[in-house]
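Chemist: The structure under discussion is supplied below as structure tokens; questions concerning it will follow.
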Amino acid sequence: MEETQPPPQPKLPLCDSLMIWLQTFNTASPCQDVKQLTSGVAMAQVLHQIDAAWFNESWLSRIKEDVGDNWRIKASNVKKVLQGIMSYYHEFLGQQISEALIPDLNQITECSDPVELGRLLQLILGCAINCEKKQEHIQNIMTLEESVQHVVMTAIQELMSKEILSSPPNDAVGELEQQLKRALEELQEALAEKEELRQRCEELDMQVTTLQDEKNSLVSENEMMNEKLDQLDGSFDDPNTVVAKKYFHAQLQLEQLQEENFRLEAAKDDYRVHCEELEKQLIEFQHRNDELTSLAEETRALKDEIDVLRATSDKANKLESTVEIYRQKLQDLNDLRKQVKTLQETNMMYMHNTVSLEEELKKANAARTQLETYKRQVQDLHVKLSSESKRADTLAFEMKRLEEKHEALLKEKERLIEQRDTLKETNEELRCSQVQQDHLNQTDASATKSYENLAAEIMPVEYREVFIRLQHENKMLRLQQEGSENERIEELQEQLEQKHRKMNELETEQRLSKERIRELQQQIEDLQKSLQEQGSKSEGESSSKLKQKLEAHMEKLTEVHEELQKKQELIEDLQPDINQNVQKINELEAALQKKDEDMKAMEERYKMYLEKARNVIKTLDPKLNPASAEIMLLRKQLAEKERRIEILESECKVAKFRDYEEKLIVSAWYNKSLAFQKLGMESRLVSGGGACSDTGACTPARSFLAQQRHITNTRRNLSVKVPATTSD
């Protein structure tokens, strides 16, 4: 009997098998033949399904779908697909594609070469088995036909072998690669044994079917022969007849056929047992194949981990070198940190600007228009803050002036009260003398004339001239002194106020810049901590971002440090001018004190002369009537001065109320800005992932009003009190 063998399955080429594999993705564009794939649209859609994060919508939109017969557009699309695959291998997988695997794009687009197209599809297959969804893609490959599976497995093996040859040598990697090669060889052997067993089983099945057919035919022939035997029983008794001879001959054939049947039954049983053994071996080989596939997947995963670890180790070495450089740079900044720590109490104002700038930098890529509006708002608020601080400084200076004026007016009031008391005493004395004089005038009018003439004659003319001349000189000296000294003092005070304003502006700017330096140093420390924590686990992109952030913060820190040095130089330049002004004011104050002492000495002499004159007049005639016009003039002057004092007191109260209202407005504005600042800080802390800050470097910051009070107190200590000049 001839054994019929099944025809061998034709081995599909690489391009056709990979096209069958591409059809499992169910892309929008067709991928049935080579010409449909040369447009590059179907391959781009397959790459988008393989890794949508890398081959995103923006990358897919660059692939033109309306291609037609334009080979240039096809070449552009296929070139973009190849560039995307190369970047995916190099940047995401960290692998180098060997030159043997890179296809010729001109052959694909112009000639529709299936060999070059198969190389390109082989690279897409490598992307699928190395991406995050590789288990799903491997399961899809296992559902294909066996011939397609065999071609796909050989393509994967070729791709992995060429990748292994192009990768740099390493001891640990070499061992894993050897294990991977051994696993792949065992997998190939198992697949070959599986194929042989399958063919052998098919051959045995064919033999069993042929034997079964032969058995059935023999059984039917046996039945026919039995029927003929029953019909010819009567003729078989005579052995000399032809029928008997045929009967004996048929009986011999029947015995031979029975023996052959028994032999075939035994062979069938043997084949059945052998088939069962082969099925058991097939099941064992399938289990072994599954184990080898799992081992191959594990080795592939280990290879991926090795590649990732190799890339991360290289990046970690680079990061360690950069961290060492940054450590050296940070060690150079210790002196600056010490200076900044001493001035941290006055650096809270700059935090508003830094927080707003950080928020604007975070939202810059998302909303450019919002960034511009926020910048304008921050600038307006900064201008308002500076204007309000300047206004508060000016109001503090005005309040100080009003207080000095108030003190001068109080001194003038006390002096006027003393003069009023003395004038009251003299007025009472004059009233008494006037009553006596009236009584004397009623008795004798002529006596008064004689007394007046007598008093005028008795009163020496020299004393009168001395009194008048001293009064005139006293008034002229006071007017000259008040005019010149007041003008000079006002000029010096204006210069001093201008210097103080400049000093305050520079101090505020210095405070803001130092706050910015502190914030930038805090950010640098956070970045350094994050670099130290990540170490070898950090990816290339995160390390590059951290480097860029650190470089940007270092540049900002150097710029702010240069601005701070410039402002400190300006403050040092202004300091000697202030010292000179203070010396001039001290000299003028000493001169004023000398002149006040001279004036007091002249007033004492004048009072002494007046007392002597009064005593002389009293000794001459106690009933003499003094001039009542001078008393009325003094009363009018006293009333005018009291009215002026009341007006000044009312103006001082109004100024105090205005100052109080402005302070309330400033405090309300500050509370509102502080609330916005807290909200910004909370959002920044939430978005930053709770970055830890150096608690030792931070000191409790003063509020806005406390800072303004501190500035006014220091300014008040620096300012010079000018003594009020006494007026007539």
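Using the three backbone atoms N, Cα and C, a Cβ is placed for every residue, glycine included.
Values in this document were obtained by computation on a predicted structure and should not be read as measured data.
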Chemist: If I look at Swiss-Prot, which residue among S220, S693, S719 would I find recorded as phosphoserine?
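Modeler: Comparing S220, S693, S719 with the record, Swiss-Prot tags S719 as phosphoserine.
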Chemist: Which residue counts does DSSP yield for the region 'Disordered' (481-512) in the helix, strand and coil classes, in that order?
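Modeler: The composition, in the requested order, is 32 helix, 0 strand, 0 coil.
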Chemist: Report the DSSP secondary-structure composition of the domain 'Calponin-homology (CH)' (12-128) as helix, strand and coil residue counts.
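Modeler: Helix/strand/coil tally for the domain 'Calponin-homology (CH)' (12-128): 78 helix, 0 strand, 39 coil.
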